[in-house]
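As written in Swiss-Prot, here are the features:
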type     : residues                                              : note
ACT_SITE : Glu160                                                : active site, proton donor
BINDING  : Cys39, Cys130, Cys261                                 : [4Fe-4S] cluster binding site
BINDING  : His69, His158, Thr223, Ser290, Ser291, Asn292, Ser352 : (2E)-4-hydroxy-3-methylbut-2-enyl diphosphate binding site
BINDING  : His69, His158, Ser290, Ser291, Asn292, Ser352         : dimethylallyl diphosphate binding site
Amino acid sequence: MGVMNTEYQSHLIQEIRQNNYRLERGDVTILLAEAFGFCWGVERAVAMAYETRQHFPGDRLWITNEIIHNPSVNQRLREMEVNFIDVVNGEKDFSGVAKGDVVILPAFGASVEEMQLLNDRECTIVDTTCPWVSKVWNSVEKHKKKEHTSIIHGKYNHEETIATSSFAGTYLIVLNMAEAQKVCDYILHGGDRQEFLDYFANAHSAGFDPDQDLVRLGVANQTTMLKSETEMIGKLFEKTLLQKYGPIELNNHFMSFNTICDATQERQDAMFDLVEEDLSLMVVIGGFNSSNTTHLQEIAVEHGIPSVHIDSGDRIGPGNRVEHKPLGKDLEVLEPWLPAGKITVGVTSGASTPDKVVEEVMKKILAIKEAQPVLEIAG
């Protein structure tokens, strides 16, 4: 953990925490979310990956995917000569992994098929899967034993959901309430079977039949999805099956377990508190492919707060310029992005973002504001 403390923790962040999550410098007030950044599962996974290199200094090391959705952390592993499995035409290529190699499974987990392949090659496996993800796997396995179809709230191409679905029997992945409603409408009223299958083409188990496989359901989720939406989806399916089969038969048709990750929930709750403040803008820090970070940005956008999503302080500058990712769009450049005069900036970060990265972003914001009067005079 010594390396973790040196590389990822921040004295400035500790000071802000102790000052009621508030920092005031000149024209800038920074309000930090009361829950943000590295969660326990991420910290555990990164520490285990580092310790694996120390424990196997001369061995060839692999990791089946990004350890977490943070570019700086993954780059650090590459510098430690941890090899990432190549993806060729959308498929992982394990041909380079030899018998006896050491293979790290990331925080999101790995599919049953990948684990079997690595076992067959007699690899040494270091499993850093977050226990909250394992909890979801246990839930879908219970669905499978009871011959229930798993309705998984998640993104069908996200590593965690790919792994979770591999533990399920029959499954269907829904991205949001709109897709859940589409499924529930089919349960109650039927519809065009082929149209349904085409719509969910990449999001169901092999041989899925909506006329046969939507009778008994269990709900699970990708742990980083928006808590409130997962809860609404669960209630929608319960209400739909209650309407179709009645209260006496409901328990034979519907299973639900709480698989919402505590850390995800805490960060979202803290964000809902933060957006109630009088903010000039919101800065959300985390990997662009990070699901939990994107959901934090959604909360700011839904509350009408101007927000920028960046993955590191390198996106800021030179000058009063930022390269950021608006919700649902590609990278854009915003210049100027910090308004003149007194501003209050809300700051949060995803569960895969180290405190050091948050500190770097804050320091750049402060530097821009300190230089602003000079820039204005020069202009």
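Cβ atoms are placed via backbone N, Cα and C, with glycine included.
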Let me spell it out: for each of the binding-site residues (Ser290, Asn292, Ser352), count the other Cβ atoms within 10 Å of that residue's Cβ, using every protein chain shown. Which one has the most?
Ser352
Provide, as an integer number of angstrom, the distance between the C-alpha atoms of Asn292 ((2E)-4-hydroxy-3-methylbut-2-enyl diphosphate binding site) and Cys261 ([4Fe-4S] cluster binding site).
11
Which residue, of the binding-site residues His69, His158, has its CB surrounded by the fewest other CB atoms within 10 A?
His158
Using the structure shown, find which entry in Thr223, Ser291 (the binding-site residues) has the sparsest Cβ neighbourhood within 10 Å.
Ser291
List the Cα distance (Å, whole number) between Glu160 (active site, proton donor) and Cys39 ([4Fe-4S] cluster binding site).
16
Quick note, Cys261 ([4Fe-4S] cluster binding site) and Thr223 ((2E)-4-hydroxy-3-methylbut-2-enyl diphosphate binding site): C-alpha atoms separated, nearest Å, by 5
My understanding is the cutoff is Cβ-Cβ under 8 Å with a sequence separation of 6 or more in the same chain; which residues meet that for Cys39 ([4Fe-4S] cluster binding site)?
Cys261, Ala263, Thr264, Arg267, Ala351
Compile a sequence-ordered list of residues in the same chain as Cys130 ([4Fe-4S] cluster binding site), six or more apart from it, whose Cβ lies below 8 A from its Cβ; state 'none' when nothing qualifies.
Gly41, Val42, Arg44, Ala45, Ala107, Phe108, Gly109, Thr223, Cys261
Residues lining the [4Fe-4S] cluster site besides Cys39, Cys130, Cys261 (CB within 8 A of their CB center) are Trp40, Gly41, Val42, Ala107, Pro131, Trp132, Val133, Thr223, Thr224, Asp262, Ala263, Thr264, Ala351
Relative to the Cβ position of Cys261 ([4Fe-4S] cluster binding site), how many further Cβ atoms are located within 10 Å?
25
